[in-house]
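As C-alpha cells, the structure follows; a few thoughts come after it.
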Amino acid sequence: MDVTIQHPWFKRALGPFYPSRLFDQFFGEGLFEYDLLPFLSSTISPYYRQSLFRTVLDSGISEVRSDRDQFLILLDVKHFSPEDLTVKVLDDFVEIHGKHNERQDDHGYISREFHRRYRLPSNVDQSALSCSLSADGMLTFCGPKVQSGMDASHSERAIPVSREEKPSSAPSS
C-alpha cells in the first residue's frame, strides 16, 4: 500500500473547513490574495494561519433573531444611505434591497447592489413593523409578535427606513 506523505507547507489551513470571504457580505470591498487562493497562506509557512476571528469580524453582521416577543433582523449596510435602501413586506416575506450608483472610492469607481429576502413568522404584527439605520450603518428591522389567537394581516407595503444619529448597540451572540 502506497501512502502519500505531504510536506506541511502544502497542506491547506483547516482543509475544507477554512472559511472563504469570497461569497460573504462585502458589497465590493475588494478581495485579498488569500480569498482567491487560500492555500497560499499555508505554503508561506507551516505555522502561518489566517485568523478565523478576524475573518468573522470582517464579514459584517447579518443576523436574524426570533424570540417569543419579537422578530429582529440586523444587517450591516454601512456603504448605503437610507435613500439607497428599499425595505418592503410582501405577504410572509420582508425584502431588503440596497443599490447605489457608481461612485469614486480609494481604489477607483464602484457600484454596489444587494437583495435579501427573509420569511416572516406567521405571528408577526405586520402593522407594527419598523426599520431604522444607525449612524454606523446597521439596519435594524423589527416586528412585534402577536398572541397566537390573533391573526396578522398579510399584504404588500413599503417600510420607511429612518436614520438614527447614534451608532448601533447590536449585542453579539
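Yeah, the Cβs are placed from backbone N, Cα and C, and that goes for glycine too.
Marked as N-acetylmethionine by Swiss-Prot on the basis of experimental evidence: Met1.
As annotated by Swiss-Prot, region 'Required for complex formation with BFSP1 and BFSP2' applies to 1-63, with the evidence given as similarity to another entry.
Annotated deamidated glutamine per Swiss-Prot: Gln6 (among others), in sequence order, evidence recorded as similarity to another entry.
Residues annotated as phosphoserine in Swiss-Prot, with similarity to another entry given as evidence: Ser45 (among others).
Residues or ranges marked as deamidated glutamine in Swiss-Prot (evidence: similarity to another entry): Gln50 (among others).
Positions annotated as Zn(2+) 1 binding site by Swiss-Prot: His100, Glu102. All protein chains shown were included, and the count of other CB atoms within 10 Å of the CB of Glu102 (Zn(2+) 1 binding site) stands at 9.
According to Swiss-Prot, the feature Zn(2+) 2 binding site maps to His107.
Secondary structure at Ser122 (phosphoserine), taken from DSSP and collapsed to helix, strand or coil, is coil. The phosphoserine annotation in Swiss-Prot covers Ser122 (among others).
The feature disulfide bond is assigned by Swiss-Prot to Cys131-Cys142, with similarity to another entry given as support. Packing around Cys142 (disulfide bond) is summarised by its Cβ count: 16 other Cβ atoms lie within 10 angstroms of its Cβ, all protein chains included.
According to Swiss-Prot, the region 'Disordered' annotation covers 147-173.
Look at Swiss-Prot and you will find Gln147 (among others) tagged as deamidated glutamine. Counting only same-chain residues at least 6 apart in sequence, those with a Cβ under 8 Å from the Cβ of Gln147 (deamidated glutamine) are Asn123.
Feature annotation from Swiss-Prot assigns compositional bias 'Basic and acidic residues' to 153-167. Long-range contacts of the compositional bias 'Basic and acidic residues' (153-167) within the same chain: residues 82, 85-92, 94, 126-127, 129-136, 138-139, 141, each at least 6 residues beyond the stretch ends and with a Cβ under 8 Å from a Cβ of the stretch.
Residues annotated as Zn(2+) 3 binding site in Swiss-Prot: His154.
The feature O-linked glycosylation site is assigned by Swiss-Prot to Ser162, with similarity to another entry given as support. Sequence-distant contacts of Ser162 (O-linked glycosylation site), defined as residues of its own chain at least six apart whose C-beta falls under 8 angstroms from its C-beta, comprise Pro82, Ser130, Cys131, Ser132, Leu133.
Proximity to Cys142 (disulfide bond), defined by a C-alpha to C-alpha distance within 10 angstroms, is shown by none of the recorded positions His100, Glu102, His107, Ser122. DSSP assigns Cys142 (disulfide bond) to a strand. Between the alpha carbons (Cα) of His107 (Zn(2+) 2 binding site) and His100 (Zn(2+) 1 binding site) lies a span of roughly 17 Å.
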